[in-house]
Amino acid sequence: MDTVGLFSAEVEHLFIEWIKKHIKKGDLTLFERFFKADPWIVNRCDRSKITVFMWICIYGRLDFLRFLFKQESYPGEIISHYRRDKDGNSVWHYLAEKKNHLLLEEVLEYFGKIGIKVCFRNFNGITPVMKAAMRGRTLSVLSLIKYGANPNQKDYLKGFNTWDWAVFTGHADLVKSLNKDYQKPLFMHFPLYKLDVFHRRHKKKPKIIITSCEDNVYEKLPEQNPNFLCVKKLNKYGK
């Protein structure tokens, strides 16, 4: 019985791998045929537990998404957007880190009709809005916040929130946008010296750092939010 089960699982995984190739190619006609035969194909997953719906989003297939949305009587009738992969990532994590902001907006707008939770953590405590911050996806961060993402949630490993990740990964434009567009208090959770040590160790030049005190090696940015002090490093290492 166990052997039969393993064989069935392997066949399932091979089938999903084949479907993935056709999604990547953009073969919507073939996908439509499979969907009409078995609508639940969108929730089937590969060995990494990444569902077909996730792969559609990963490959940025807006035409596939619009086809799927037309097949449901209401959002979520068939498509499960809360499924997790082997690392605990949901489809929102994958959408958040993509360059194509319109794809995220399309899915948020569709599932937002019934109310959605976009603060789901993966197994490291990383939320979709943190993923977007790590990649410097400014529009995605703001869209997720608009739909209820909490930028002050911390991850499990470093204790960083969205703001911390934006600073830590050196995305100056995102930091400036958060200063301007997000009016609630945001807080830093790691000491300044740790950030500096990290950048020195990995030979990276930080664009933005945070300090709680003014110093002659720092210059305030004009976009400063009164909730916190955003500064640009001026010494020879930070240039």
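Glycine is treated like the rest: Cβ placed from N, Cα and C.
Long-range contacts of the repeat 'ANK 1' (48-80) within the same chain, counting only residues at least 6 positions beyond its ends with a Cβ under 8 Å from a Cβ of the stretch, are 16, 19-20, 23-24, 26, 28, 31-32, 35, 39-42, 86, 91, 94-95, 98, 100, 102-103, 106-107, 110-111, 113-114. Per Swiss-Prot, the feature repeat 'ANK 1' maps to 48-80.
Annotated motif 'Nuclear localization signal' per Swiss-Prot: 81-87 (among others), in sequence order, evidence recorded as similarity to another entry. Panel annotation: around the motif 'Nuclear localization signal' (81-87), residues 43, 45, 48-51, 53-54, 107, 111, 116-117, 120, 122-124 of the same chain, lying at least six beyond its termini, place a Cβ under 8 Å from a Cβ of the stretch.
The repeat 'ANK 2' annotation in Swiss-Prot covers 87-118.
Listed as Cβ neighbours of the repeat 'ANK 3' (124-153) (distance under 8 Å, sequence separation of 6 or more from its ends, same chain) are residues 87-88, 90, 92-93, 95-99, 101, 104-105, 108, 112, 116-118, 160-163, 165-166, 169, 171, 173-174, 177-178, 181-182, 186-187. Residues or ranges marked as repeat 'ANK 3' in Swiss-Prot: 124-153.
Annotation comment: Swiss-Prot describes 158-187 as repeat 'ANK 4'.
What Swiss-Prot records for 203-214 (among others) is motif 'Nuclear localization signal'. Here the motif 'Nuclear localization signal' (203-214) has a mean pLDDT of 44 out of 100.
The motif 'PxIxITxC motif' annotation in Swiss-Prot covers 206-213 and rests on similarity to another entry.
If you look up Swiss-Prot, you'll see 228-231 marked as motif 'FLCV motif', on the strength of similarity to another entry.
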